[in-house]
Amino acid sequence: LLPSQTNTHLLALSLMEMNPSSRYSYDPVLRWDPEVEDYFNKAYGPDHFARISKALTRPSSYSCIRVNTVQTSSDAVIEKLTKILNDDSEDGLKLVLQPDGSSSPISKCQIPGLEYVVFVNGSGPHRIEYGSGLDNPPKEVLVSRKCAEAVLRGAQVYVPGVLACTAHVEKGDAVAVCVAMEQPGDEGDWSVNMTRGTTLQGLPSGKHHSSSYPFYCERSGLYIGMGTAMLSRAGMFRVSHGVAVDLNNRVFRLPSFHNVLEGEIFLQNLPSIVAAHALDPQRGERVLDMCAAPGGKTTAIAILMNDEGEIVAADRSHNKVLDVQRLSAEMGLTCITTCKLDALKSVCLPSTLSDSTTSVNGENSGSVTSHSELSSNEGIASDASGRSEAEKSCEENASTKQPNGGDKVSQSEIRKSKGRLKNGRGRTQSQGGRAGKSKGFPPNSFDRVLLDAPCSALGLRPRLFAGLETVISLRNHGRYQRKMFDQAVQLVRVGGVLVYSTCTINPSENEAVVRYALDKYKFLSLAPQHPRIGGPGLVGRCEFPDGYVEEWLKPGEEEMVQKFDPSSKLDTIGFFIAKFSVGPKD
């Protein structure tokens, strides 16, 4: 529940008297639903889960880069990155300094099979000097939680992320950047409860009324760095884009790789790269990536296959399919085809199959290496009339002809048309892209299937908020993934491989799904994974107060999966990988 105004008043007074280093610091506490916290305490143990929660609030201490070996090599990339990191020009990467003042080392991964992965070390947490104390507080810029999470990963503070600002901030001023966290409401909801453009007070007023110092208490311990205002206060809330604050003194220092060596490198978490390796794709095989966007694992699989074979990248979002197309074209990969497809409708009978996957690289797109160069007709396979297969498929699927030959226009289409007239062309129309629709694939269509399932994402870091998840929502995630798994298992041929992965620490979506799969499909068996650098899975079960029982792994199965712990020495995101061999089906 929200603290009373009296408690807020007392807290504010105590904050005035506390050491400035306590207020102006980065020491977030991840707040969980009490039942969720109890569930995770049972799964991991209270001490272990406390370490996981703390690790989740911080970024990894390094950036993991996957090299596109179809176009370049790790040694060449290391040489280029070293030059960029040491370039003092504005176009170069910000140099990351270690505590001893030396530049951040760039190294090749030493794990066998992952030599094409490059690590760039960051540093932090750093102690930042924010000013002369509580009596003379710094000017402040308050940013949204999502903006702060991106900044902790190396991004700049952009205008859309700014929520509030101290009065009289001018361009060039030194400002402290702090985070606006969601707060619990009376009805169990969470919100920031702040109008964008609010004026922040550096100190509570003499009247000590809570409305006089909005978010004064709540932003204590949530300062992520000092920077230079690139716009005045008025400018931050007048323009719609651009850098608001150049954050040159950060709590965590990680270089940004935005627009750096496009087509040659891809910033990707280490466990995601391992998931592609676990699939063990071979040249010439047919592979399905069921939930492919944004295309990181899809392109990783293509590179492991040396761009030989066929990879079908599916996603239910039209715009996300376009993202996969652009990334594939940027990296010069030709074996990837894409389609718009709901993972829950992936299987169809051969007689109703609509082969409407769309080639990413037609003969006109082989030279495409960046997003900006992808024109409206590139990345689409076209017929002699100039219409792409995707266009014809979309037209056929969108047809609403009545039996008497008349046209029937739905109310939804009318609303969309009005919206386009009012708001202008949307992202899809502006970029000229098309995503072919598919009605699914026949059973046993693929040699290998990757199901990197949509999940609660409770393993991603840095994470500053987790209050929305409940025990019921965590169970529902697992039920949703079981339905997707039911589709995936039908699409793998006998003798094939199915890899299931998530980026969450939630056992309902990890071990419980594996238990479900092994119990329901007797022809499935857990298979060894290479490389194996993650930890074991959870063994046993969990009994909930409402009587629900969740079964996890059985003894002996825990070493057959990989569970990446954010608090471990690997310092990765939370991630889970299970690999299944498909035996003779009934």
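Keep in mind that glycine also has a Cβ here, set from the backbone N, Cα and C atoms.
Under the heading domain 'SAM-dependent MTase RsmB/NOP-type', TrEMBL lists 191-583.
Using a 10 Å radius centred on the Cβ of LYS297 (S-adenosyl-L-methionine binding site) and all shown protein chains, the other Cβ atoms total 24. The S-adenosyl-L-methionine binding site annotation in TrEMBL covers CYS291, ALA292, ALA293, PRO294, GLY295, GLY296, LYS297, ASP315, ASP342, ASP452.
Here TrEMBL flags 355-443 as region 'Disordered'.
TrEMBL lists 355-379 with the feature compositional bias 'Polar residues'.
Positions annotated as compositional bias 'Basic and acidic residues' by TrEMBL: 386-395.
According to TrEMBL, the active site, nucleophile annotation covers CYS503. Annotation for CYS503 (active site, nucleophile): spatial neighbours ASN269, PRO271, SER272, CYS455, ALA457, GLY459, LEU460, ILE573, GLY574, PHE575, PHE576, criterion Cβ-Cβ under 8 Å with sequence separation of six or more.
Summary: among the binding-site residues (CYS291, ALA293, ASP342), the fewest other C-beta atoms within 10 A of the C-beta are counted at ASP342. When the Cα positions of CYS291, ALA292, ALA293, PRO294, GLY295, GLY296, LYS297, ASP315, ASP342, ASP452 are compared pair by pair, the longest gap among these S-adenosyl-L-methionine-binding residues is 19 Å. Within the same chain, the residues at least 6 positions away from GLY295 (S-adenosyl-L-methionine binding site) whose Cβ sits under 8 Å from its Cβ are ALA313, ASP323, VAL324, LEU327, SER328, listed in sequence order.
When pLDDT is averaged over the domain 'SAM-dependent MTase RsmB/NOP-type' (191-583), the result is 82.
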